[in-house]
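Swiss-Prot annotations:
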- 3-96: domain 'CRESS-DNA virus Rep endonuclease' (DOMAIN)
- GLU36, HIS42, GLU84: divalent metal cation binding site (BINDING)
- 51-71: motif 'Nuclear localization signal' (MOTIF)
- 79-82: motif 'RCR-3' (MOTIF)
- 96-102: motif 'Nuclear localization signal' (MOTIF)
- GLY172, PRO173, HIS174, GLY175, GLY176, GLU177, GLY178, LYS179, SER180: ATP binding site (BINDING)
Amino acid sequence: MPSIRAIHWCFTLNFSGKIPEIVWTADVQYSIWQHERVNHDHLQGYIQMKKQTTLKKMKELLPGAHLEMARAPKKAIDYCQKKETAIDGPWEYGTWISTGSHKRKLMERFDEDPEEMKLEDPGLYRRCLSRVQMTKVREKNSWDYDLRPWQDELLKTIEQEPDDRTILWVYGPHGGEGKSVFAKYLTLKEGWWYTAGGKATDMLYSYSLDPTCHVCIDIPRCTKEEYINYAVIEQIKNRIIINTKYEPCTIRDDGHNVHVIVFANYLPDVTRISEDRIKIIYC
C-alpha cells in the first residue's frame, strides 16, 4: 500500500550517557519529549508536523529513533509527561494546534441542520455532503478479489516513496482489465484523489481543495487522446498548482512528492510529455 504519511508521530529514542540534543526544523509545528528510564535510558516524545510527512522523512529528522503514527495526539502528549518513569523534562517546542477542530465544527453544523447550511452556503454544503458520502462508501467497500499481475506491480510501485518526476501510466487497450475499478478502489483510501479528467481549470480547482493527495486520473475510453491534459498532470507532479477558477491562487508544495497515476486505453503522447517521465504498466 502507499507510503505511510502522517502529521502526528510518537517517537522513542534510546541512548546511553549524555542526553541527545534534539534540533527541530521549521517543518515541525510542535513537539514534547522527556527523559525516561525503565530498563534503559530513552527519550519519549510526540511530534506534530505542519503537513503530512512520510516515515522516511521523519527518520531523517530524528535518526535512530523508533517512530509510529500517533492516532490519538492528546493521549500521546499526556504519555510523554507521565511521572512514573520520568527522569528529566518534559521539554516543549512550538505551539500545538488542535487539528481537525474546524472540520469537526463544520460537520457538526451540517449534522444539526443540513438544509440551513445548504441555503446559507451551498458550496460548503456540497463539500460536507461529499465527506459524508465518502465516509459511508469507505466503510462498506473492500478489495475482495485476487490481484491481477499489473495490479500487484502497481501496488508494489506505490509502496515506494514517490519521486519528483515519475508519472505512472497504466495502459490497457481493450477494456475490461480492471483499470477503473482499481482506480476507484485506490482513491477510497485517505490521501488519494480521483478524477476522470475534464477541463484543466476544473481539475486544478478540484485538486487545490486538497493538494497534498496522491492522484489517480482515470481517462474514459470516450475521451479523445488530444484532450488529455498533460499540463495538469505535470503541474500536479511538479508540485506547483496554478488554480485560476473562482479564487485564483498558486499552490507550491515543493519537496512533498506524490504519486500520479494515469489509467488509459492508449499510450502517452511523447510529443506532449517527456518520455523519460513515464513508467508504463501494461495490463
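Heads up, the Cβ atoms here are built off N, Cα and C, so glycines get one too.
Taking the C-alpha atom of SER180 (ATP binding site) as reference, the shortest distance to any of the binding-site residues GLU36, HIS42, GLU84 belongs to HIS42.
Same-chain residues that are not part of GLU36, HIS42, GLU84 yet have a Cβ within 8 Å of the Cβ center of the divalent metal cation site turn out to be GLN34, HIS35, ARG37, VAL38, GLN44, LYS82, THR85, ALA86, ILE87. With helix defined as DSSP H, G or I and strand as E or B, the motif 'RCR-3' (79-82) counts 1 helix, 0 strand, 3 coil. In the three-state DSSP assignment, the secondary structure recorded for GLU36 (divalent metal cation binding site) is strand.
Ranked by Cα separation from GLU84 (divalent metal cation binding site), the binding-site residues GLY172, HIS174, GLY176, GLY178 are led by GLY178. Same-chain residues lying 6+ beyond the ends of the motif 'RCR-3' (79-82) with a Cβ under 8 Å from its Cβ atoms: 10, 32-34, 36, 44-46, 90. Remark: secondary structure over the motif 'Nuclear localization signal' (51-71) totals 7 helix, 8 strand, 6 coil, with classes taken from DSSP.
When Cβ atoms from all protein chains are considered, those within 10 Å of HIS174 (ATP binding site) total 7, not counting its own. Break the domain 'CRESS-DNA virus Rep endonuclease' (3-96) down by DSSP state and the numbers are 14 helix, 47 strand, 33 coil. Ranked by Cα separation from GLU36 (divalent metal cation binding site), the binding-site residues HIS174, GLY176, GLY178 are led by GLY178. Candidate binding-site residues: GLY172, GLY176, GLY178. Fewest other C-beta atoms within 10 angstroms, GLY176. HIS174 (ATP binding site) sits 58 Å from HIS42 (divalent metal cation binding site), taking the C-alpha atoms as the reference points. On the backbone, the CA of HIS42 (divalent metal cation binding site) and the CA of GLY172 (ATP binding site) stand 52 Å apart. Around the Cβ of GLU36 (divalent metal cation binding site), the number of neighbouring Cβ atoms within 10 Å comes to 21.
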